Amino acid sequence: MSSSSSTGYSKNNAAHIKQENTLRQRESSSISVSEELSSADERDAEDFSKEKPAAQSSLLRLESVVMPVIFTALALFTRMYKIGINNHVVWDEAHFGKFGSYYLRHEFYHDVHPPLGKMLVGLSGYLAGYNGSWDFPSGEIYPDYLDYVKMRLFNASFSALCVPLAYFTAKAIGFSLPTVWLMTVLVLFENSYSTLGRFILLDSMLLFFTVASFFSFVMFHNQRSKPFSRKWWKWLLITGISLGCTISVKMVGLFIITMVGIYTVIDLWTFLADKSMSWKTYINHWLARIFGLIIVPFCIFLLCFKIHFDLLSHSGTGDANMPSLFQARLVGSDVGQGPRDIALGSSVVSIKNQALGGSLLHSHIQTYPDGSNQQQVTCYGYKDANNEWFFNRERGLPSWSENETDIEYLKPGTSYRLVHKSTGRNLHTHPVAAPVSKTQWEVSGYGDNVVGDNKDNWVIEIMDQRGDEDPEKLHTLTTSFRIKNLEMGCYLAQTGNSLPEWGFRQQEVVCMKNPFKRDKRTWWNIETHENERLPPRPEDFQYPKTNFLKDFIHLNLAMMATNNALVPDPDKFDYLASSAWQWPTLNVGLRLCGWGDDNPKYFLLGTPASTWASSVAVLAFMATVVILLIRWQRQYVDLRNPSNWNVFLMGGFYPLLAWGLHYMPFVIMSRVTYVHHYLPALYFALIILAYCFDAGLQKWSRSKCGRIMRFVLYAGFMALVIGCFWYFSPISFGMEGPSSNFRYLNWFSTWDIADKQEA
């Protein structure tokens, strides 16, 4: 290496060391938000003068109070203007309004999302004086007794509050004042946020808690020079609470949690290189973050499900997704209402698998397309007549007859045939590979009372008896048992795998070879029992309570299974669905309601100016990161100023990471996707766009001419965003009259704002 290169390297290295030392010594700010954001205000003063006279400082303090109020007022207007002109159930209000009704009726239901957002919908109904008696049928007119406007206003407040949070986030990052205003304007005048914010949906709640999580995360980062101080603990705990609320609305909250987790790992890894830090302090950093960023969010998540279970105390549409004992304790449930002991022949039962996510043993007339080509046997998560079975005597003995008067109770260790009530087929297995789990045997419906073989015979093995009833009998709900094939020696089991489309994506049932004894996939219980010949259940009989944590895990697994089943149907065209690449490019939008001339119409589409610009900014910032890495490898040190480095991290790098975490999963996932899935990722793209303005135009503030040009660019782009929002405002505020009146908004053939035949 030449002497000049060597000298350059040593200077750059010294500058890098100096930068690290400066970063360690950098102080954060005081407890109030306005004071904690003062570093951004100090940076703003450079736009005007190197000196900071008292009058200018007063103006900045006044700005930090007045502008958030103005921006919030504008946000309330853009989210709530004409919010009630469409008195029909719009888009997914049909789902989430109905779920809110279930909370007011206390009826148990099942959905793919965690409960916090839907409980807030229920709260909005309660505050609006609604009694929960309506089920929000899609497209129907709201009844007079339901104040849907108040419910929508409640939801819109979450969307509106994202705007002041964006303002404070920009200040916390350290953006200059023009950039703070720009970022706030980008969020304020975003058509997609304004459109979805006015309906009874979860998206605005999800966005609010996501924005709150990132804001509190940045504020916590700004306290890094004062670890374990009151402000440090405050923002750590607020971050944890915000993360817990985000994931409690939708599982998409895992993405922002992952971003904070990556930051935390990098932070702790950096501390490990600090020889001045004692091991005790280092371990305390670990413990504090485990508590604040793992335990606190998990407790929030857990608490939401506890409230969910406590509120939904009555039987409802989602009962079958839960364990049998859980269902039995729901008010009005028919589970466990039958006689206590199971009898041969006369007892018609449904049989529930006890694995996490277990379903009811089921069969139907459709046959396997391969293998034996016999009748399918599956597990099904919903109540159905095809879930009903009865026990008959083993093959070779006389079949049970309705003329028999003596009651013969089922006993463990005895061999029986299990007969499907509606088709008369015997539960059967044979040495044929199962359709999905090829190492296990297929289970089918085969034969009848005449046709069959010894592979129809199954032995009941009791594994657990809850209660003090006769241990030698099979009891409804409280007896856990295994079902062993006498001939093959394998056990009836639900694998957890879903069958293909020919099996209606129901759960696979197999005969499992050599399972371990505690494998709950082979454990079953009687869920419902009908038998008029037996005495009813004693009135004073009480089922044992279920374990909350087990119910919590069971429900979450059922939610994941339902979510994974939301895959596109190749035989059907879903005109509402879209691909991830179409979102940042605005290739498509989404009609949110019927397109008749008589009703106001809404079209979900981002503000073109900001969405396209943010997409370009993401690509530009990616290229910038690559260039900086190449220069760093060649011993060049950029971003020497600690303030610039901090803005780069909080305003560019971590928003890019958050954007990727919120966007890329939808690129690779197999489930059906829609335009609104991009809304959280769009927020981080807007932050990156603001950073590109801030960093790209920073040097222009050094001269008077540069400051003028900088002002023109900021003002011009903000005017473009506002103008674009207003131009497309009908898609957010409601398009009244024929859609042909708005065909001027159809910039591209893929936008179906106006009907194609009218365009």
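Note that Cβ sites are derived from N, Cα and C of the backbone, with glycine treated the same way.
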SER57 and MET277: same side of the membrane according to Swiss-Prot? yes
Given the candidates SER29, SER39, SER399, specify the residue that Swiss-Prot annotates with phosphoserine. SER39
From SER34, SER38, SER422, SER701, name the one Swiss-Prot lists as phosphoserine. SER38
Based on what Swiss-Prot says, identify which of SER10, SER32, SER49, SER444 is the phosphoserine one. SER32
Fewest other C-beta atoms within 10 angstroms, as judged across ASN131, ASN155, ASN403, which are the glycosylation sites: ASN403
Mean predicted confidence [pLDDT] for the topological domain 'Cytoplasmic' (189-198): 97
Could you round the CA separation between ASN131 (N-linked glycosylation site) and ASN155 (N-linked glycosylation site) to a whole angstrom and send it over? 18
Expressed to the nearest Å, what is the distance separating ASN403 (N-linked glycosylation site) and ASN155 (N-linked glycosylation site) at their Cα atoms? 63
Positions whose Cβ lies under 8 angstroms from the transmembrane segment (199-219), at least six residues beyond its ends: 36, 90-93, 96-97, 100, 113, 116-118, 120-121, 124, 148, 151-152, 155-156, 158-159, 161-162, 165-166, 168-169, 172-173, 193, 235, 238-239, 242-243, 245-246, 249-250, 252-253, 256, 259-260, 263, 592, 650, 654-655, 658, 676, 679-680, 683-684
May I ask which of the stretches 65-85, 168-188, 252-272, 610-630, 648-668 has the most CB pairs under 8 A with the transmembrane segment (711-731)? 168-188
Interface present between the transmembrane segment (290-310) and the transmembrane segment (168-188) (three or more C-beta pairs under 8 A): no
The transmembrane segment (677-697) vs the transmembrane segment (65-85): 3 or more CB pairs under 8 Å: no
Which of 65-85, 252-272, 610-630 has the most Cβ pairs closer than 8 Å to the transmembrane segment (648-668)? 252-272
